[in-house]
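Undergrad: This is the feature table in TrEMBL:
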BINDING   Glu120, Glu158, His161, Glu244  Fe cation 1 binding site
BINDING   Glu158, Glu211, Glu244, His247  Fe cation 2 binding site
Amino acid sequence: MDLKLSYLSPLPCLSPVCSMLKPKNFITASITPYRTRVVKDRQKHSLTPEKHEVFKSMEGWVEENMLVHLKPVEKSWQPQDFLPDLSSDDCFDEISDIRAHAIDIPDDYFMCLVGGMITEEALPTYQTMFNTVDVVRDVTGMDPSPWGVWVRAWTAEENRHGDLLNKYLYLCGRVDMRQIEKTTQYLIGAGMDANIENNPYRLFVYTSFQEKAAFTSHANVAKHATRYGDARLAKMMGAIAGDEKRHESAYAKAVEKLFDLDPDTTMRELADMMRARITMPGRMMRDGADPDLYGHYAAVAQRMGVYTTGDYVDIVEHFIGRWKVGEVAAGLSSEGRRAQDYVCGLGARMRRMEQRAREGAGKKAAVAAGIRCSWVFNREVKL
């Protein structure tokens, strides 16, 4: 089967098709408690010297078209805007209000919320990934180039997401924070391999998809919070989703620009990323108890409608349309045209796979299993 569905941050391949989606070029090495994955035959630094010049030439464009998607710090929301002021006399009333609204929210919702928060908390891994990429990395840690400014400022904006969710979860009293903190430590320690080959063409394809998926997931979590009557939580998740939307716009613009400057390479790298399966940031989650924590998290998110197979196909079709992949005509080699055909056919093929997965899931619904999740004090959560 040529088609391989890929499910993106913050969620993974979802349960009906998980067995078909294990990367073939990974082997598990149990030499560390972080379950480090050893990648065989991974290409590195695949960008040629002439392609370096493409990104060097984009610096002025980045200044005018990407940095504008960042918000000044003084105009940005901060976690404290949504949380009780512990210096105030009525802070305990506010904390009681958070706990009262959280008490009737189901555990499966909290499993989705915690999984998203842990993925956000692994931000050091994502900044590290950026800084392994040729040309666009922050070389000195204080690089004044537009690329360096973007990497640092994007990280600073993203940092607020995990901070806010962590504090909310701590105050609401519904989750086992020690188990959650362990999971975050495991995840950061494990790292990730996004299969980008230190290549910025691949990086911007990856980040476009990741930010769109993160927006979708956080927005759906916000909708659930509204249905549960928790306006504060809904507002928090809406603010985070808004950031992800802005960041998605910046990365998607970068890919659009690359299609203008170098359509053949961009087309081939896009197809390659889709064939190779985009690696999910949280795929290495573990809590020391559940051997398939990430898969179970994904299954619950699928059932809850937080992030589904259909959402992923929507994202694929969105970018095929936004980048006008099917309309690219000039500048494509024969390999580029084959890549174009592959990408343009993805949506229909994925819809067929999604339908078969749904039918299979329906047949198994009567025997749906549950798992005990350490994040919610080992209470059982239905898959």
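Positions of Cβ are set from backbone N, Cα and C atoms, glycine also.
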Undergrad: Could you state the CA-to-CA distance between His161 (Fe cation 1 binding site) and Glu211 (Fe cation 2 binding site) to the nearest Å?
TA: 13
Undergrad: Let me make sure I understand the structure: which of the binding-site residues listed (Glu158, Glu211) has the fewest other Cβ atoms within 10 A of its Cβ?
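TA: With the binding-site residues Glu158, Glu211, fewest surrounding Cβ atoms within 10 Å: Glu158.
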Undergrad: Rounded to the nearest angstrom, how far is the Cα of Glu211 (Fe cation 2 binding site) from the Cα of Glu244 (Fe cation 1 binding site)?
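TA: Each residue's Cα considered, Glu244 (Fe cation 1 binding site) and Glu211 (Fe cation 2 binding site) end up 5 Å apart.
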Undergrad: I want the residues beyond Glu158, Glu211, Glu244, His247 whose C-beta is within 8 angstroms of the mean position of the Fe cation 2 site's C-beta atoms, in chain order.
TA: Trp154, Glu157, Gln210, Ala214, Phe215, Asp243, Lys245, Arg246, Glu248
Undergrad: Have a look around His161 (Fe cation 1 binding site) and count the other CB atoms within 10 A of its CB, chains all included.
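TA: Within a 10 Å radius of the Cβ of His161 (Fe cation 1 binding site) lie 25 other Cβ atoms.
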Undergrad: Hey, how far is Glu120 (Fe cation 1 binding site) from His247 (Fe cation 2 binding site), Cα to Cα, in Å?
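TA: A Cα-Cα distance of 14 Å.
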Undergrad: What's the CA-CA gap between Glu158 (Fe cation 1 binding site) and Glu211 (Fe cation 2 binding site) in angstrom, rounded?
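TA: Cα of Glu158 (Fe cation 1 binding site) to Cα of Glu211 (Fe cation 2 binding site) measures 11 Å after rounding.
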